[in-house]
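If you look up Swiss-Prot, you'll see 1-36, 105-124, 189-201 marked as topological domain 'Cytoplasmic', on the strength of sequence analysis. Residues annotated as topological domain 'Extracellular' in Swiss-Prot, with sequence analysis given as evidence: 58-83, 146-167. As annotated by Swiss-Prot, transmembrane segment applies to 37-57, 84-104, 125-145, 168-188, with the evidence given as sequence analysis.
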Amino acid sequence: MESRTKLDYSETARSYTENKSGGNDAQRINGVYSSSFFVVDFSLRLLVIGSTFTAAIVMGTNKQTAILPIVGPLSAKYQYSPAFVFFVIANAVACGYTLLSLIFSITGKFTSTPLSVFLLSVTDLVMVALVSAGVSAAAAIAYVGYKGNSHTQWGKVCGIYDRFCHHGAGAIVASFVSLIIFMVLTVMSTYSFYRRTSSAR
């Protein structure tokens, strides 16, 4: 009877030790994942800030005056196209949001609870939609400027306003880069929310 009691005690102690060790391993793995996730998320959001800021500034300061025969001087400015105005606003909003989310991530506001991670993934998705709409509208106008449209008799203007078109193209490329990164961030934040909710069960 005594030997059986000792055997049961030994098995219980071994089981407790294994469970504790397994729990420590899981915590260690989660800790490594969390730190790696933070580094990648932080780096990508820095890139988004840089690309959206560049896109908004380059397009927002884009203008050129050309001298045309008979007509005289004519100016091209981003304000003359509602699509370009929306492009600047969309990238400025995305830049401001990303800066705030970066600050909140550093302080742990967006990574402390599953709800905050869920809100982060939703707002990242909203930014994907906003930047996508802005860059698509600007790209459509830029294409007409480069190629024209023979069906509607819209002529090319980039042969006249070459610098304006080149700067606009650079801003659009920068915005496309930020759009791709936002998509990656949305996937990451959604997966992080999934991990937190599944581990809480």
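Residue 1 is the first one shown; counting continues down the chain.
Note: Cβ is positioned from N, Cα and C throughout, glycine not excepted.
As the structure is a computational prediction, the values presented were derived from the model and not from experiment.
If you count C-beta pairs under 8 angstroms between the transmembrane segment (168-188) and each of 37-57, 84-104, 125-145, the highest count goes to 37-57. Sequence-distant neighbours of the topological domain 'Extracellular' (58-83) (same chain, 6+ residues past either end, Cβ-Cβ under 8 Å): 91-92, 137-138, 140-141, 157, 160-164, 167-168, 170-172, 174.
The DSSP breakdown of the topological domain 'Extracellular' (146-167), given as helix, strand and coil counts, is 8 helix, 2 strand, 12 coil.
Here the topological domain 'Extracellular' (146-167) has long-range neighbours at 58-59, 62-64, 66, 68, 74, 76, meaning same-chain residues at least 6 beyond its ends whose C-beta is under 8 angstroms from one of its own.
This prediction places the mean pLDDT of the topological domain 'Cytoplasmic' (105-124) at 76. The DSSP breakdown of the topological domain 'Extracellular' (58-83), given as helix, strand and coil counts, is 8 helix, 12 strand, 6 coil.
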